[in-house]
Amino acid sequence: MPHETLLDNQGWFKKLARRFGPGHVVNTCFLIVMLFSTLLTWREVMILKDAYVASQRNHLGSVANVLDRQLQFNMDRLIFLRNGMHEALVAPLAFSALQSAVTQFEQRRVRHFWQLELDKRRTLPLYGVSDQFVARTTLLSRESRDLANELTATLELGYLARLARSSAMLTLETMYVSRSGFYLSTLPTAYGSDIVSRYYQYVTQPWFIEQSQRRNPQRGVRWFTSAQPYVTDEQKKVTASLPLDHDNYWYGVLAMDIPVASLQRFLRDAAEKDIEGEYQLYDNHLRLLTDSAPEQQTANTLNDRERALLAREIEKDTLGGLRLGTHYVSWERLDHFDGVLLRVHTLREGIQGNFGSISIALTLLWVLFTAMLLISWGVIRHIVKNMFVLQNSLQWQAWHDPLTRLYNRGALFEKASRLAKRYREARQPFSVIQLDLDYFKSVNDRFGHQAGDRVLSHAAGLIGSTIRAHDIAGRVGGEEFCIVLPGATKAQALQIAERIRQRINDKEILVTKSTTLRISASMGISSAEEYGDYDFEQLQSLADKRLYYAKQSGRNRICASDATQEREKK
């Protein structure tokens, strides 16, 4: 029993040794060491990456907080004005000046344009249009029972808007636009037809139209940026608007224009100490509003594909980061602006920074260690290379006929079937030529098999040198060949077949030391365009059938259609 066990163990070790030879052992050891060194390096890289991402978010967060606080200050002012006007609308003051303004409105409301002003030093003027102008659209209306209260509340708003002005504000203009045909603005309007055009411009802006109860059921602050190019004499701006409602009735819209230039100056000041990275402010449609790049420097803008990738990420979270080519983009949604702030960090800035220096040192260490392993692996690489050469040689022998050096039957059918499927999907022509050497058996009988082999090799060489570069040819039987012509119509296949026939027929072969021989070939042609059938076996069978008829018709000829056969029979 022990002797039998020893034999079993020896057999098991031999099997293991055959499967895992010296080359495999060295390769396995190399891979294990390489794997562990790579894993350790990768762990350090991931830690470094997390630290880099956290650093980018911290830089972005500090600038975003400063910008958000400034925007919050402006939004609080807008809400304060709305609340003050709402209180004035619910409980209007019984001042004689306000009552007098209501009387003046009743007298002037039919005019094409009009103006009401209580005190030039303490309040803002009220501008309006006629009843006829208001009646042109259903968006506007003077049918409110609280029209007088709204008018006095707007005049009171003039006091608040003048008092609320501050040098710390980013706003260019604050205005209230009523659906009843009047407006109040911190920017004066020249008395005249400009009042009508300005009111029309206000009520046709998206920030006014989109504040209806149907389009803004939440009745909160909304931000708007114009999708159309700005005219040359008007600076680019964004608008925050807030509806005024009471008892489920929409009176008008309070709005605040913020110049993009003000946002740019504020953004540059906030990012002044951050020498790396560029900050960019986008609206809710990911249109670039402004950036912190110096005037002489071009901003790193995003292309359409990058914006689409960023939009998908923004939908998932309020902040994050994304690698876009050679840029790392960290982003954060602002709480008091319907948009997103980006920090774009380029690869050059990353390399020049602290994280770049650490990354370079870590990479060099890994490269040096890997180089040492690769040097020790050189001998095995040479062995593997020899194995590949042997494998390729065996593969060639498995796919080719050793005598003619063309594809054998199995390889030809496999490659031709794949080509036929591809050309069928592309709806391109596909043709097949079946070729047979005439009277080949008599060559073997008269001159021997060596002469027959010489004839086959000679014919294969002529076929290979005549067909196109992307055509394939193979030996499918004794003296029978098949030529696949992808992309060739039936007419083109006929031309190629004729060239092959002529070349074979024109060349003489030296079969013995003193004997030459001239051979000929018969061919049959089939094409997918005839019946719309791309099945290679069917095409080869049809070509073989026509080859048989070509031999019956006298040999050294080509048969390309069934119609030719019928004509020859008649």
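Quick reminder: no glycine exception, Cβ is built from N, Cα and C everywhere.
According to Swiss-Prot, the feature transmembrane segment maps to 20-40, 360-380, an assignment based on sequence analysis. The annotation domain 'GGDEF' is assigned in Swiss-Prot to 428-563. The feature Mg(2+) binding site is assigned by Swiss-Prot to Asp436, Glu479, with similarity to another entry given as support. The site 'Transition state stabilizer' annotation in Swiss-Prot covers Lys441 and is backed by sequence analysis. Sequence annotations record features per position, and here Swiss-Prot assigns substrate binding site to Asn444, His449, Asp453 based on similarity to another entry. Annotation source Swiss-Prot lists active site, proton acceptor at Glu479, citing sequence analysis.
Excluding the listed site residues Asn444, His449, Asp453, the same chain places Val443, Phe447, Gly448, Gln450, Ala451, Gly452, Val455, Leu456 with Cβ atoms within 8 Å of the centre of the substrate site Cβ atoms. Sequence-distant contacts of the transmembrane segment (360-380) (same chain, six or more residues past either end, CB-CB distance under 8 Å): 23, 26-27, 30, 33-34, 37-38, 41, 44-45, 48, 351. Of Asp436, Lys441, Glu479, all annotated as recorded positions, the residue with the shortest Cα distance to His449 (substrate binding site) is Lys441. Secondary structure by DSSP for the domain 'GGDEF' (428-563): 66 helix, 39 strand, 31 coil. A straight line from the CA of Asp453 (substrate binding site) to the CA of Glu479 (Mg(2+) binding site) spans 10 Å. In this structure, of the binding-site residues Asp436, Asp453, Glu479, the smallest number of CB atoms within 10 A of the CB marks Asp453. Around Lys441 (site 'Transition state stabilizer'), a 10 Å sphere centred on its CB holds 12 further CB atoms from the protein chains shown. Lys441 (site 'Transition state stabilizer') sits 9 Å from Glu479 (Mg(2+) binding site), taking the C-alpha atoms as the reference points. Put simply, Glu479 (Mg(2+) binding site) is 11 Å from Asn444 (substrate binding site) when counted between their Cα atoms.
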